[in-house]
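Q: The following block contains the structure, expressed as structure tokens.
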Number of protein chains: 6
Amino acid sequence: METVNILIEALPYIKKFHHKKVMIKYGGHAMIDSDAMSSTARDTVLLKYVGMEPMVVHGGGPEISRSMSKLGKEPKFIGGLRITDSETMDIVKMVLVGKINTDIVSKVCLHGGKGIGISGKDNQLIKANKKAPHVMVDNSTGEEITVDLGLVGEIESVNTEIMEMLAENNYIPIVSPIGVDEVGNTLNLNADTVAGDIAAKMEAEKLIILTDVPGILEDPKDPETLIKKVKVDEIKDLIDNGIVKDGMIPKVLTCVNAVENGVKSAHIIDGRIKHSVLLEIFTTKGIGTMITK
Amino acid sequence: METVNILIEALPYIKKFHHKKVMIKYGGHAMIDSDAMSSTARDTVLLKYVGMEPMVVHGGGPEISRSMSKLGKEPKFIGGLRITDSETMDIVKMVLVGKINTDIVSKVCLHGGKGIGISGKDNQLIKANKKAPHVMVDNSTGEEITVDLGLVGEIESVNTEIMEMLAENNYIPIVSPIGVDEVGNTLNLNADTVAGDIAAKMEAEKLIILTDVPGILEDPKDPETLIKKVKVDEIKDLIDNGIVKDGMIPKVLTCVNAVENGVKSAHIIDGRIKHSVLLEIFTTKGIGTMITK
Amino acid sequence: METVNILIEALPYIKKFHHKKVMIKYGGHAMIDSDAMSSTARDTVLLKYVGMEPMVVHGGGPEISRSMSKLGKEPKFIGGLRITDSETMDIVKMVLVGKINTDIVSKVCLHGGKGIGISGKDNQLIKANKKAPHVMVDNSTGEEITVDLGLVGEIESVNTEIMEMLAENNYIPIVSPIGVDEVGNTLNLNADTVAGDIAAKMEAEKLIILTDVPGILEDPKDPETLIKKVKVDEIKDLIDNGIVKDGMIPKVLTCVNAVENGVKSAHIIDGRIKHSVLLEIFTTKGIGTMITK
Amino acid sequence: METVNILIEALPYIKKFHHKKVMIKYGGHAMIDSDAMSSTARDTVLLKYVGMEPMVVHGGGPEISRSMSKLGKEPKFIGGLRITDSETMDIVKMVLVGKINTDIVSKVCLHGGKGIGISGKDNQLIKANKKAPHVMVDNSTGEEITVDLGLVGEIESVNTEIMEMLAENNYIPIVSPIGVDEVGNTLNLNADTVAGDIAAKMEAEKLIILTDVPGILEDPKDPETLIKKVKVDEIKDLIDNGIVKDGMIPKVLTCVNAVENGVKSAHIIDGRIKHSVLLEIFTTKGIGTMITK
Amino acid sequence: METVNILIEALPYIKKFHHKKVMIKYGGHAMIDSDAMSSTARDTVLLKYVGMEPMVVHGGGPEISRSMSKLGKEPKFIGGLRITDSETMDIVKMVLVGKINTDIVSKVCLHGGKGIGISGKDNQLIKANKKAPHVMVDNSTGEEITVDLGLVGEIESVNTEIMEMLAENNYIPIVSPIGVDEVGNTLNLNADTVAGDIAAKMEAEKLIILTDVPGILEDPKDPETLIKKVKVDEIKDLIDNGIVKDGMIPKVLTCVNAVENGVKSAHIIDGRIKHSVLLEIFTTKGIGTMITK
Amino acid sequence: METVNILIEALPYIKKFHHKKVMIKYGGHAMIDSDAMSSTARDTVLLKYVGMEPMVVHGGGPEISRSMSKLGKEPKFIGGLRITDSETMDIVKMVLVGKINTDIVSKVCLHGGKGIGISGKDNQLIKANKKAPHVMVDNSTGEEITVDLGLVGEIESVNTEIMEMLAENNYIPIVSPIGVDEVGNTLNLNADTVAGDIAAKMEAEKLIILTDVPGILEDPKDPETLIKKVKVDEIKDLIDNGIVKDGMIPKVLTCVNAVENGVKSAHIIDGRIKHSVLLEIFTTKGIGTMITK
């Protein structure tokens, strides 16, 4: 009986988002183990069955670092970006495309979705350029130091031809965040940005980023201070006064960019909470921070 | 949270019946007032939104009798069938097509469904022949008495062209149970039979008949004796030993006929229970009697 | 031989109106009895077979009044509009949708057309608002008297989705002139206005209104004074100088409105003449008054 | 008024042949001059406008002979077949494809049809083989004489791909009766046979052959003895007892063959009568001889 | 091995022109005999098989003059235009449509293309008007002499409906350069102009005109002085200083007109060279003169 | 000029294989380095551009072994099959899907093809079961020893839904040879078998297996003894008399199986020869061994 009452309660949300595209960025806890991944995949498939059109972009930083360590290579970061030499790029591709992506595809298919894995290289879905070197200042000498990031890329353009075909044929695409430059080199991309840019190009209704925090907190130590809704033009203040800081800054800016380019709302939610995606979509209050125009 | 857990629990049923047609016969309590009708309509719309293809046939006996009384005409029945003279047929059409059907369409549309009312006359959806006269034996004399039933029909054929068009275009058809003979006369039809025959012709997954009893009961006074599942070849015994009797016989035979002509399962359920349709579809146990091959 | 010569003569008109939509408002004598209705329906079907796309809106005032009388209710009008309480609205629906509409559908199907009955409630084809109360002045006192018209509506918008589907699938739609407000109430509408608004929204070539007069007459007593053609900008003068008056005014204004919103020509013709629709379309002179831009 | 009554009378025939294919063989008087051709073309276009799908094959013997004479070549026939050397074949092509076909196309287009001329060579519509030599017996010597017919062909197969495309796109195809052998030679074909074979392959409802006689006559001198209907299995007798003889034999056998291969009825009618095609289709009696199974 | 290396070398051109339309004007040597025509047709078919969409317009002046002579009619020209009386027009049609066109169709089909012949009369592909009379000055008297050209036309409009249908269905259309005026008269048209106008209307990538000269030569006696590329705005100078003169002027102006109306490049090439069309398309240098914006 | 002559020579082959599917198994030398892979990819793209529909399955054994070694894992084989524990399976997936597949996709896209990488897990393209353990006999003791192969699979079924979608949309699919069992485990599959089974299911015209030998040699030391054509029913003899032996046996049996299940011809060719695929398809003699029914 309860089942039924709740379906009835969910009906308005189901109606509201019928045939709407939803881009979900899998990250952090939601991918921590096979069970978490399975649960996230099941939620994604459910969205499909109640009429939405989910798309997935996944990350994979920790697993890449683990694989590098196994191979005796030390992961190096600068300004939050992984320095990616050619050998590292091979590991990145293998872990993202060969391991994480195929694992998600497996889960999605097991739960009844038509999962298909693609990467930014397929039909040159994501064209990218090598990122400019990172510039730092040596505090002691005041000298500028320029660090080449290697095969790290910035998105130049998204060719959604494959995505359109998959949407029309009821597939759930799982996208690995790598791109290709004009001579065919593979470039390592930021997964949040990939999710945001594809969401915008596909005119998604929602971009949902799964993280390991509750959302934007006024006081990072107090989950009660969660900001539930924020407009894109209020974001600058939140950054200026330090409420949004560190690793949250690029995530929030990705959201702002997506919303400014056509996505109706972007959501930063806590992937550690079970069924967080569904809670965000099917309840009035939601559970994380929603960013809108 | 509960909402979400329950959606997750409903997922297997949603998957199982994705893109499957479900014919629902509205009758009895489910149509007793505006609220009951609204609730039934909302459940029907929900089926559509989670991917099924609901179709509706409605009855309307009590309302027809009320209208006749208002006009000073006494309703007459013989063998459970309404004797339908030409004037009565006009009242039947006006009540079924003009009142009940438009009311259901209203509710379905208000809940977000694309409701559309049709009758067996539209594009000659249901071709029917006048039913043979009813023959009775006068107990005192032993004489046979033949009673002409007037404009009461038996279905000859169902032309699903309209139904197919509506299904392809995502409408929820609401069908009034009248038919047309070859010279254009309107004939009064049994609504259960109309539901069953259209369900069979449309290769529906389920035929669900809303009644005012819990289903088939071994002991009609004890709801605890509900028979949850029965095979079509067990029905004869149930009738022979009097467990299925009176008005339940034609309903059950309609179910048998539907199942033998392609419907996967037929359900007799209690329309007095709120959300009975959803309970029957989305719970393992169901709430009424299911008849299968 | 004659048959053939005449087909040859009709060819230019058949070509001219090939694949063009024609909205016909059935009213008055054309619906007076089963034979008249059958004849009008056959003409409509013929239009379909020679390549046009006919649509029908029907009225039904006299029949509604008769049904009310039978039920002991006295029909009341004010300013030409029926005061429609809730009980009256039920009778209106029953007569229009349940009786007249199904009768026309029967005739159309018998003559080989794919007739289908719909009302303004199906998929909320016609959204309407309750009409403002009628304001009169009491001559003796000079006081303003406000009379609530009840469930009488004014068209807010026409959603032609169903009409488009039916046109694509070669159906002849028969539309009952009722609408629905935003909470699902049924509203009584003027049939001429419904015909005109749907014609405009569907970009019909012609709107043909069947009446019981020959058209606009300079001298209402002399049929020889029929005005065969008139431009929309000449209408005001005709009203001002009293040539168009009384019940003809709203009909003519409906025509003007239709023509100003995309219909190529509107025709007021005499439904008492046999095959008047065909005579108007397939002869050079026509038989009624044509209103164009 | 008459116009309209007659349209109404034609309605049953229009309905009966709606969307049915009709192959018309233009020959004899129907092509004798520009006016006759124009009239025949207009009738053909009318069929299209009232919903049929006409196709045309034309002959052209007299015109070919005239052109040969102008060029100082004497036309020679044997057993009714034109002996066709290479130079003659060029004249045949030029007259049929370049002159007669383009003239018919002009007329059809002028009357509002989408005429398009094709020949059996287009996309190898008609593959043909060289006909075996004609064998005669020299009465005086009793010797067999073998006469090579030159580029005269027998139809091997019909590839209706073009015809299907044209039908789907509402064109009226005008076909010149020439074929192509496997090395690309053009072969002269019998126009009646081409009409019959294409009609059969396209599953036409009717094959109508325009000739200069009223049909099959019991007594060739008495038009009153016209046989209006005949079954294919009665034809042999008609030939055996000499009622069908000479040039009528191949025409009748073409009809038999067409009917046995899927055409519903074949008609031999008098092209000298104005509008003969329409008279045959739109009147109960018809005007010529109808051959059916 | 060579075969394969060359296919590899051709790949960039094949890619570049994939699914691009190419209009080829057959003229001069390329049509001089059956072998030349066969070779040109095979090249055209090859374009189709490697993914382009070739269209053909053919000329036929010399053959028309030959046929006129056979019939004892003397061909007359004025200002490069054939004076075309009614009898001449018949010969023009017969030769172009009945002979040359069917011959090309044969060759195209033999090489595996889906050739289909059409003329400007089919579905009124090319509407034309009678050309104004030619005006000359009598040198001796200074008087103006006006010469009526007869049935010579100027293109008024191109209706590409047939061309679009044929392109979608993978046919190779072979077009005869005649047009039709508004009353159905056939008019004789310049084949280069027809090719150019259809190319522009169909948004062709290339217009290739096969001639009997190498292209535009700075010194007409020295093939080494071939101008390989020229812009449309440089053409005027070439004409003014006499490099482009006589019969080359209208060809060049046709190219200019085509390029200014949407064709990417127009090519005047030497049809006497074997496979000239392929050499122009599949080699970097090409062999003739290319005119671009 | 040569270019053009050779295109003309290739035309019959291009026509013959137009719109035909060709499955190419990339293996051995053809994938040995970036240049070899690029060349093979370019040949594949060329097939697409001249109208064929190429599909690719790739192997990757040596690269997998190299990656295992880097990670300190020793590759173990038994009966030619890699013993695949869970950790090895991860490496297999990462190398095949993450590295080799993405590299091929890059090359195909760079040469202008719409390359897209998929694996047997996408939408459960390849369902597989765990292979039965390998059974050996200990020569010294005569005892049977059973060795579990781990995650090595046998194909149960191929679901070509994705392949059909990609073919319709002009993609070149690159398939990694892994499968999925019914609980979602990834299984290691033989790449030749995957190529053969997909080719059969897709009704490919050709299956081409790139190896490092010239084909089937009568005398393995003498390339001059190459068997150019062999029928499937002659294969048993070749195996029985030892001409086909060792690693060639499964390849040949894969070919036999493919041909018996609908592939027109299977080819074992030498991937060390440049453009071997094109040489096999576009030359009369071919360069390897062709197996047909």
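Backbone N, Cα and C define each Cβ position, glycine as well.
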Q: Could you look at A:Asn188, A:Asn190, A:Asn241 and say which one TrEMBL places alongside A:Gly60, A:Gly61, A:Arg82 in the substrate site?
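A: For substrate, TrEMBL names A:Gly60, A:Gly61, A:Arg82; of A:Asn188, A:Asn190, A:Asn241, the listed one is A:Asn188.
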Q: Is A:Gly60 (substrate binding site) helix, strand or coil when read with DSSP?
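A: DSSP assigns A:Gly60 (substrate binding site) to coil.
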Q: Pop the Cα-Cα gap between A:Lys251 (site 'Transition state stabilizer') and A:Asn188 (substrate binding site) into the table, whole Å please.
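A: So the Cα of A:Lys251 (site 'Transition state stabilizer') lies 17 Å away from that of A:Asn188 (substrate binding site).
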Q: Quick one: Cα separation, A:Lys251 (site 'Transition state stabilizer') versus A:Gly60 (substrate binding site), in Å?
A: 15
Q: I'd like the Cβ neighbour count for A:Lys25 (site 'Transition state stabilizer'), meaning other Cβ atoms within 10 Å of its Cβ, all protein chains included.
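A: Step by step: centre on the Cβ of A:Lys25 (site 'Transition state stabilizer'), count other Cβ atoms within 10 Å, giving 32.
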Q: Out of A:Gly60, A:Gly61, A:Arg82, the binding-site residues in the record, which is closest to A:Lys25 (site 'Transition state stabilizer') when you go by Cα distance?
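A: The smallest Cα gap between A:Lys25 (site 'Transition state stabilizer') and any of the binding-site residues is with A:Gly60.
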Q: In the predicted model, what is the mean pLDDT computed over the domain 'Aspartate/glutamate/uridylate kinase' (A:20-270)?
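A: A mean pLDDT of 94 is what the predicted model shows over the domain 'Aspartate/glutamate/uridylate kinase' (A:20-270).
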Q: Counting Cβ neighbours within 10 Å across all chains shown, tell me which of the binding-site residues A:Gly60, A:Gly61 comes out on top.
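A: Of the binding-site residues A:Gly60, A:Gly61, the most buried by Cβ count within 10 Å is A:Gly60.
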Q: A:Asn188 (substrate binding site) has how many other Cβ neighbours within 10 Å of its own Cβ?
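A: Excluding its own Cβ, A:Asn188 (substrate binding site) sees 25 Cβ atoms within 10 Å.
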Q: What does DSSP say about A:Arg82 (substrate binding site): helix, strand or coil?
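A: Note: A:Arg82 (substrate binding site) is in a strand by DSSP.
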Q: Around the recorded substrate site, report the further residues of that chain (criterion: Cβ within 8 Å of the mean position of the Cβ atoms of A:Gly60, A:Gly61, A:Arg82, A:Asn188; site residues excluded), sequence-ordered.
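A: My list of surrounding residues reads A:Gly59, A:Ile64, A:Ser65, A:Thr84, A:Val92, A:Leu96, A:Ala191.
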Q: State the count of C-beta atoms found within 10 angstroms of the C-beta of A:Arg82 (substrate binding site), not counting that atom itself.
A: 21
